[in-house]
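According to TrEMBL, the protein has these features:
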- 58-412: domain 'Cation/H+ exchanger transmembrane' (DOMAIN)
- 41-62: transmembrane segment (TRANSMEM)
- 74-91: transmembrane segment (TRANSMEM)
- 111-129: transmembrane segment (TRANSMEM)
- 141-160: transmembrane segment (TRANSMEM)
- 172-194: transmembrane segment (TRANSMEM)
- 206-226: transmembrane segment (TRANSMEM)
- 238-256: transmembrane segment (TRANSMEM)
- 276-307: transmembrane segment (TRANSMEM)
- 327-348: transmembrane segment (TRANSMEM)
- 360-379: transmembrane segment (TRANSMEM)
- 391-410: transmembrane segment (TRANSMEM)
Amino acid sequence: MGFKGGTKFLTSHRGTAAYQLVCFRSQISNPVGLVYRENPIMLSFNVILFALILNILLSRTIQLLLKPLRQPRLVCQLIGGVMMGPSLLARHKSFTSLVFPFTSDFVLENLGRMGVTLFLFVIGVKMDLGLLKRSGKKHLYIALASVFGPLLIVSIVAVLTKESMDEELARVSSIGEIALSLSVTTFPVHYTILEELNLLRSEVGNMALSIALISDAIGINFMVVFEAMKQGDSSAQSIIWYSISCVVMAAFTPVIRRAMVWIIEQTQEGEAVDQFYVIAILLGSFVAAFVTDMFGLGIANGSFWLGLMMPDGRPLGSTLVQKSETIITEVFMPCSFVFMGLSTDFYAMKEAGWSALRPLFGLVISGYLSKFFCTMLAAKVVGVSWRDSLAVSLILSLRGYVELVLYVHWVDRNVRCLLAALLSFIYY
């Protein structure tokens, strides 16, 4: 039966602090509710339901209010998640104790990670790698300028302000990760927004997607390098094993691709892919996320890379999207936004102080300005009109949930320069 919920014990002192243990009843034989004078949200399942309902209501309300500004749904969901976090509602202890008791953190966090994993997998399935082949030199030049221009400028600003940084932020690997996050254009964010605004088939939309895809391809390679450098901060052996893990993951790519082609060959023309294969592939996205996280490559990368290996269109790609997109976007992703909102605290900037934030502000502001102007000028140089150049540069400057996923990843990696990702979200 366990202890009665809320029983507290103080452990003995270890070091300089005492750890507080809060024991909760692991199993409840009778249903609880208001008639029993107990909090019905103390159950993890009720917490999930309440969080989902509250996030959906908030995001829909915000979407209605921002409709005249034509803001995409993604923006409203992010704002709703942040409003439920310690930046607003969860800052009040009464709201936190009622809506987010101790039993909720673990469940919401893991459901949120599952949502991001599946969502990025679906985005990977939707991606048409043929855009890389169809992209002309014009798109390549703009992508190179939009990535390496900000990367160089942010690195120069980091060198000039390195003396005012703390030890963790001053490391080359940390500066590289921040500069890369401000330079690389994330395809999933732009695809989602352009799809909702019906701009995918427009000339500017196609150009932005092609540039974003090239930028992501460049960013993945740089991410591997900087993550390897982060591994090397601990020991030389870590960077060797990290590099071997990347090679092993790349070696499995043709095997997985061939397996997908075999599934298509087993499907009769005009028929949908068998449900067994769909479930196996969705399960494979979790396996890929587990493997990449085990190798230190991040949870989201594994499912996204597996989605890229899926042949798009009929019968496999369209079947995967059709059978999974609704449940992912309407059920799992709200948990992700709640989890990200609970992990985002704007008041942390005030507590950190200006002396700690000054170098980060310098990196973030220089990163956004250089990203905008480098993209716009590069587009104009290759013959794009000023109007389209401005539109493309604004689109490629968007930031969203991918940056928050990166923020959560830095939390897991124990990187203390987390406010860069938070400031990145403020701009968005």
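Note: Cβ is positioned from N, Cα and C throughout, glycine not excepted.
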Segment proximity, the transmembrane segment (327-348) to the transmembrane segment (74-91), 3 or more C-beta pairs under 8 Å: yes
Cβ-based contact of the transmembrane segment (141-160) with the transmembrane segment (41-62), 3 or more pairs under 8 Å: no
Remote residues contacting the transmembrane segment (360-379) - C-beta distance under 8 A, at least 6 residues beyond either end: 141-142, 144-146, 149-150, 153-154, 157-158, 161, 169, 175, 178-179, 182-183, 211, 388-390, 392-394, 396-397, 417, 419-420, 423-424, 427
